[in-house]
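Asker: I grabbed these lines from Swiss-Prot:
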type     : residues       : note
BINDING  : HIS140, HIS220 : chlorophyll binding site
REGION   : 1-22           : region 'Disordered'
SITE     : TYR183         : site 'Tyrosine radical intermediate'
SITE     : HIS212         : site 'Stabilizes free radical intermediate'
TRANSMEM : 51-68          : transmembrane segment
TRANSMEM : 140-155        : transmembrane segment
TRANSMEM : 164-178        : transmembrane segment
TRANSMEM : 219-240        : transmembrane segment
TRANSMEM : 298-312        : transmembrane segment
Amino acid sequence: MKLESDHVIATSDSSDYTSEPTANKLSKRRKKVNYWEKFCSWVTSTENRLYVGWFGVLMIPCVLTAATVFIIAIIAAPPVDMDGIGVPISGSILSGNNIITAAVVPTSAAIGLHFYPIWEAASIDEWLYNGGPYQLIVLHFLIGIIAYQDREWELSYRLGMRPWISLAFTAPVAASVSVLLIYPVGQGSLSAGMPLGISGTFHFMLQFQADHNILMSPLHQLGVIGVLGGAFAAAMHGSLVTSTLIRSHNHSESESINKGYKLGQQHPTYNFRSAQVYLWHLIWQRVSFPNSRKLHFFLAALPVAGIWSAALGVDIAAFDFDYLQFHQPELKSQGQIIHTWADTIDWASLGIKVLDERHIYDFPENLTAGEVVPWK
């Protein structure tokens, strides 16, 4: 009996000894799974002060990288050979520019459309001389804003909302992609992209007009109508709402009427009908809207459609497809040109193009080769 009991005890001890590593492995796996589940729940939680989301996991490092490199480049980047002819252009503040004239100079024309990360250059100095920071900033920035737009869709999905906010943000995304990516691709080099700065933006606009006469494009004109018309409509809507506020019963007439609104209240905060009647008498009855839903849809759709049109105009101009533009009127039977105010724009465009021409001097070979030419 003693031997059997000892054998039993010994057997039980050995089984416990072999089961300990397995239990430890299972506990470690459970901890790893729990950590991953906690991370997933934190990423997709709508209780956070700022929603992260899975697209936010992609957006945050890209935006931080673009912002960090932009700040360093606009402060201390060395001159860049943008035209690829050995004439560097300084754009940083430490190179003598101020906050208005400073810009991140586009990647050199010698690079073209090639992918140019740091490890493709022979040295950091060569990478900086060829404008590598511009490509790094632009690519990370575009990935970041596209991820931000998808993050808006993700948050709307989590909250059970419709995806119209994400759809509206496609307008600035389309404009950024058109100017920073599609236009340089159409022109064959990233050096044709917009410099990242205040004066660089205006220089890009003037040069774009000189090369493509974008002011005569109907798509650009639709963009102007959408942006300025949307701003006018938003100002009208805000002023009408402020003018027709309904005073709350909890506030006396001596208090400001602006204190009468609380987030989530059931009763309306302004008189929609009074605002529409005002528009009837001010402009025209057809200008008014039957309900606030159609009004707010119009306020969102007008500028978004306008920016889409302007971005499409830039995309078409990128590949030099200018057949949609308005050209100078001409009497075909007599061959006579009808002069209009558009001629002034054409003259200005020609002047800008002449001022921006690069002067490349070709010297004779006998001067560049160092040979002595006998005097005759």
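Glycine is treated like the rest: Cβ placed from N, Cα and C.
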Asker: Are there residues at least 6 beyond the ends of the transmembrane segment (51-68) whose Cβ is under 8 Å from a Cβ of it, and what are they?
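Answerer: Hits for the transmembrane segment (51-68): 42-45, 136-138, 140-141, 143-144, 147-148, 150-151, 154-155, 158.
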Asker: Same chain only, please: residues at least 6 beyond the ends of the transmembrane segment (219-240) with a C-beta under 8 Å from a C-beta of the stretch. Say none if there are none.
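Answerer: Sequence-remote neighbours of the transmembrane segment (219-240) are 275, 278-279, 295, 298-299, 302-307, 309-313, 316, 324.
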Asker: Relative to the Cβ of HIS140 (chlorophyll binding site), which residues of the same chain, six or more apart in sequence, are found under 8 Å away?
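Answerer: Expected: CYS62, VAL63, THR65, ALA66, VAL69.
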Asker: So for HIS220 (chlorophyll binding site), how many other CB atoms are inside 10 Å of its CB?
Answerer: 23
Asker: Reduce the DSSP letter at HIS220 (chlorophyll binding site) to three states and note it down.
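Answerer: Helix, per DSSP.
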Asker: Taking the Cα atoms as reference points, how far is HIS212 (site 'Stabilizes free radical intermediate') from HIS220 (chlorophyll binding site) in Å?
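Answerer: Cα-Cα, rounded: 12 Å.
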